[in-house]
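Here is the structure we will look at.
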């Protein structure tokens with residue numbers, strides 16, 4: 001275990017749950033932060049509560065290191081963002097080559113606010129679930145963006161901050177495998193049953209890969225990754 005404290009950007013989805021488990025294996029104390037920005041899939045905020053409770057109940061060693069959860073009201077982001085994540089509109093590609101689920105500046109703002117909380121609480125490692133492999137092309141998920149942001153935050157705060165992105169260079173199948181290696185089949189099942197990824201907020205029938213509509217970009221990535229992981233894991 002690494003000495004020190006970390007703050008995890010935690011949405012209640014598969015990726016951030018895996019990153020939270022990763023942090024709990026590595027740091028003496030871990031806190032979480034979430035954001036309510038009027039997202040259409042608001043059910044993810046309920047999922048994050050369920051996931052935190054399940055982690056505390058099923059993983060005693062992690063529970064001892066899991067500290068406070070911080071929820072930030074970012075309604076203003078929803079007010080200035082006309083996207084399929086904050087409006088009841090169909091998901092489609094834009095002329096810029098990005099899906100209209102892209103909320104401009106979202107991750108930049110998330111990390112800035114996380115750093116402000118971390119500054120106050122002595123949490124100088126910020127952990128996020130961004131990646132450049134199985135992703136929708138969002139520019140604020142790119143490694144170069146986050147490295148530049150790490151420098152800007154450290155300069156602007158007058159303290160050294162580190163941004164950790166454990167999933168940056170692995171695909172969704174490898175993300176499922178990371179979860180299994182961190183917490184065994186119990187963590188995998190927790191992710192299937194309790195986390196939420198679907199952009200449409202569907203919590204109906206439980207699929208092998210979890211809840212969701214099965215059609216939106218988030219569900220498609222999660223489903224395909226689970227199928228590849230299952231094929232590899234059972235081969």
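Each residue, glycine too, has its Cβ placed from N, Cα and C.
If you check Swiss-Prot, you get these features:
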| type | residues | note |
| --- | --- | --- |
| BINDING | 10, 11, 12, 13, 14, 15, 16, 17, 18, 19, 20 | ATP binding site |
| BINDING | 198, 213, 216, 219 | Zn(2+) binding site |
Exercise. What's the CA-CA gap between residue 18 (ATP binding site) and residue 219 (Zn(2+) binding site) in angstrom, rounded?
Worked result: 16
Problem set entry | Secondary-structure category, per DSSP, in which residue 18 (ATP binding site) falls | helix
For this session: Would you mind reading off the Cα separation of residue 213 (Zn(2+) binding site) from residue 20 (ATP binding site), to the nearest angstrom?
Result: 25
Problem set entry | For the binding-site residues 198, 213, the one whose C-beta sees the most other C-beta atoms within 10 angstroms | 198
Exercise. If you take the centroid of the Cβ atoms of 198, 213, 216, 219, the listed Zn(2+) site, which other residues of that chain have their Cβ within 8 Å of it?
Worked result: 197, 199, 200, 202, 212, 214, 215, 217, 218, 220
Exercise. Which residues, sitting 6 or more apart from residue 16 (ATP binding site) on the same chain, put a CB under 8 Å from its CB?
Worked result: 8, 9, 10, 128, 129
For this session: Measure from the CA atom of residue 219 (Zn(2+) binding site) to the CA atom of residue 14 (ATP binding site) and give the result in Å, rounded to a whole number.
Result: 11
Problem set entry | Most Cβ neighbours inside 10 Å, all chains, among the binding-site residues 20, 216, 219 | 20
Exercise. For residue 219 (Zn(2+) binding site), which DSSP three-state class applies?
Worked result: helix
Exercise. If you draw a 10 Å sphere around the Cβ of residue 10 (ATP binding site), how many other Cβ atoms fall inside it, taking every protein chain shown into account?
Worked result: 27
